[in-house]
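S.K.: Marked as signal peptide by Swiss-Prot: 1-28. The domain 'Plastocyanin-like 1' annotation in Swiss-Prot covers 53-165. The Cu cation 2 binding site annotation in Swiss-Prot covers HIS103, HIS141, HIS521. Residues or ranges marked as Cu cation 3 binding site by Swiss-Prot: HIS143, HIS468, HIS519. Residues or ranges marked as domain 'Plastocyanin-like 2' by Swiss-Prot on the basis of sequence analysis: 229-295. Residues or ranges marked as domain 'Plastocyanin-like 3' in Swiss-Prot (evidence: sequence analysis): 424-536.
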Amino acid sequence: MLRRDFLKYSVALGVASALPLWSRAAFAAERPALPIPDLLTADASNRMQLIVKAGQSTFAGKNATTWGYNGNLLGPAVQLHKGKSVTVDIHNQLAEDTTLHWHGLEIPGIVDGGPQGIIPAGGTRTVTFTPEQRAATCWIHPHKHGKTGRQVAMGLAGLVLIEDDEIRKLRLPKQWGIDDVPVIIQDKRFSADGQIDYQLDIMTAAVGWFGDTLLTNGAIYPQHSAPKGWLRLRLLNGCNARSLNIAASDNRPLYVIASDGGLLAEPVKVTELPLLMGERFEVLVDISDGKAFDLVTLPVSQMGMAIAPFDKPHPVMRIQPLRITASGTLPDTLTTMPALPSLEGLTVRNLKLSMDPRLDMMGMQMLMKKYGAQAMSGMDHDSMNAHMQGGNMGHGEMDHGNMDHSGMNHGAMGNMNHGGKFDFHNANFINGQVFDMNKPMFAAQKGRHERWVISGVGDMMLHPFHIHGTQFRILSENGKAPAAHRTGWKDTVRVEGGISEVLVKFDHDAPKEHAYMAHCHLLEHEDTGMMLGFTV
């Protein structure tokens, strides 16, 4: 533990006398300290600056070019307050265009930062908005169509912390970087010379880009020393394509207190916590026993994601309790969730997620050729059979029965298996259509609830489906009632071979030029067409 960290703890906890407790055992030097992003707050005139730039980072002793917001890698934690307007100047110092999307924020389309909110290379974009939503852990990342996966892989991601009066009154752990700790989890693949090795090709367009190295806040298997008592972890799955399943190595429980859009009604006790790409959960864990343990991710049954070293529980970070104790608590109740309104007479939108069968077949072949049988480890046999037959399926894989034909582009469908030129950049679909930035698929009405029915039937891939401009409630997830910790405010829902239904409402405008997006948050699916724009 570095001296400055030690002083930070001593000052924060008022324990100058803790110095003699510095033992070699407690602060084993072999693990890097968990990097803690700086808090970025608005200045006296309610402004803040974000600079998108290239830098250098070191992984396993090798230097790599990385991208970050206000630094070499990742970014600060942007602190916002409910009801308080903020102006953000975003300077793009990269040699290519980017955008900055406020993931999870309920703000107008013009400031949402989707693929239309281009910040040119060397240019600046200024956005002003007022968060009117409840306290939540959200995030920022790029959203340049066709390049989102690469720009995120290069390191662009940062947390957004929305605060409000309600959460301040709860006695939750709230000492930033001490007992209130951000945990941004990402996998990376590196080339032999240590550079981030990103490709968008047929294999990654099918299963996503995944790596064999896990980073936590940009460090490999770091350690965090925290005071005994309740430790609050703000978990973000910042991976391009890998779903996670978070647990404690000694099986101690995690108490989920918040999902994407804020507090749950009451804590939910779990021993493992699946985390889809783009999702956030806040958990409290009791470390008052003083025993060190690892936060780990358990193997998942997702195509290609149980390849070593992820075929076994894999450490995310080490948690080392200190001898001093912090004062945060786990409340019995957290907030009041509004009752779900009647679903009678609501506009229903049917969205069907699918992949060109040729991409499915060729992607699987490349995956098997590269990784052999372990590419399929953890997959159940039904999924595997569906994939293996995928290449011969042609139109059979498309389930026309459940489709909302109004959104279908039958021309594009007709080309699919009739000698149409295959282009993997346009091989993932919603309602049979590839994303078109200039053609929003529909117009939602402001302030009105809608029921969205999102189907992955006939496609066994995992699709974490994310909707911009809203925090919704899950009515059913992949054909089942949502788990208790997924009944709160969400912006991402699991679609995996089944049907999920969500209740959405949009309280801000999104004109055609700055439409909201709805898309798969497996970034390579998004970049190759599985996205739609809609207006409000």
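FYI, residue positions are counted from 1 along the chain as it appears here.
Glycine is no exception: its Cβ is also placed from the backbone N, Cα and C atoms.
Would you situate these features in the structure and describe their surroundings?
M.R.: Break the domain 'Plastocyanin-like 1' (53-165) down by DSSP state and the numbers are 11 helix, 51 strand, 51 coil.
Sequence-distant contacts of HIS521 (Cu cation 2 binding site), defined as residues of its own chain at least six apart whose C-beta falls under 8 angstroms from its C-beta, comprise LEU276, MET277, GLY278, PRO464, PHE465, HIS466, THR492.
Residues within less than 8 Å, Cβ to Cβ, of HIS468 (Cu cation 3 binding site) and separated from it by at least 6 positions along the same chain comprise HIS101, GLY109, ASP112, GLY114, ASP491, ALA510, TYR516, MET517, ALA518. Classification of HIS468 (Cu cation 3 binding site) by DSSP places it in coil, neither helical nor stranded.
Taken together, the residues of the domain 'Plastocyanin-like 3' (424-536) have an average pLDDT of 98.
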S.K.: For the Cu cation 2 site (HIS103, HIS141, HIS521), what does the 8 A shell look like? I mean other same-chain residues with CB within 8 A of the CB centroid.
M.R.: HIS101, TRP139, HIS143, VAL152, MET277, GLY278, HIS466
S.K.: Same-chain residues six or more away whose CB lies under 8 A from the CB of HIS103 (Cu cation 2 binding site)?
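M.R.: In sequence order, the residues whose Cβ lies under 8 Å from that of HIS103 (Cu cation 2 binding site) (at least 6 apart) are CYS138, TRP139, ILE140, HIS141, VAL160, GLY278, HIS466, ASP491.
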S.K.: Where DSSP helix means H, G or I and strand means E or B, what are the helix, strand and coil counts for the domain 'Plastocyanin-like 3' (424-536)?
M.R.: 14 helix, 45 strand, 54 coil
S.K.: Could you give the number of helix, strand and coil residues in the domain 'Plastocyanin-like 2' (229-295) as assigned by DSSP?
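M.R.: DSSP composition of the domain 'Plastocyanin-like 2' (229-295): 0 helix, 42 strand, 25 coil.
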S.K.: For the recorded Cu cation 3 site, enumerate neighbouring residues of the same chain (Cβ within 8 Å of the Cβ centroid of HIS143, HIS468, HIS519, site residues themselves excluded), in sequence order.
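M.R.: Here the non-site neighbours turn out to be HIS101, HIS103, ASP112, GLY114, PRO115, HIS466, TYR516, MET517, ALA518, GLU526, MET531.
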S.K.: I'd like the Cβ neighbour count for HIS141 (Cu cation 2 binding site), meaning other Cβ atoms within 10 Å of its Cβ, all protein chains included.
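M.R.: The answer is 23 other Cβ atoms.
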